[in-house]
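Student: Please see the structure below; I have some questions.
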């Protein structure tokens, strides 16, 4: 707690690190989803037909009839994006501890006091 109370470096560094990790979750989850889609496309009938030279001959018909179970891989992509949401939420709460958020709050209080409105005292 003393790092947060005594200086601005702790909350600012924490926010920067948390935002960077949230961004990395976005990038990694998107890359994983794209890679999984590429695997699905490559192992489908169109992917096998365009890849194998044997399937390009006129008297040969290639068709994928047995598909691999990709359910757990799809779930892993969903959990990656859910983890992104968790880290973005963490970044929001850490942002509220920084001086950027407190400056907005004190500026709004000061503007209200100038217009003759009552501003509640800080506790």
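Start at 1 and count along the chain as shown; that gives each residue its number.
Just so you know, glycine gets a Cβ as well, placed from its N, Cα and C.
According to TrEMBL, the protein carries these features:
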{"type": "DOMAIN", "residues": "1-99", "note": "domain 'MARVEL'"}
{"type": "TRANSMEM", "residues": "12-33", "note": "transmembrane segment"}
{"type": "TRANSMEM", "residues": "75-95", "note": "transmembrane segment"}
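Map these features onto the structure and tell me what's around them.
Tutor: The domain 'MARVEL' (1-99) scores a mean pLDDT of 88 in the predicted structure.
Outside the transmembrane segment (12-33), and at least 6 residues removed from its termini, the chain residues within Cβ reach (under 8 Å) are 76-77, 80-81, 83-84, 87-88, 90-91, 94-95, 97-99.
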Student: If you run through the domain 'MARVEL' (1-99) with DSSP, how many residues end up as helix, strand and coil?
Tutor: 75 helix, 0 strand, 24 coil
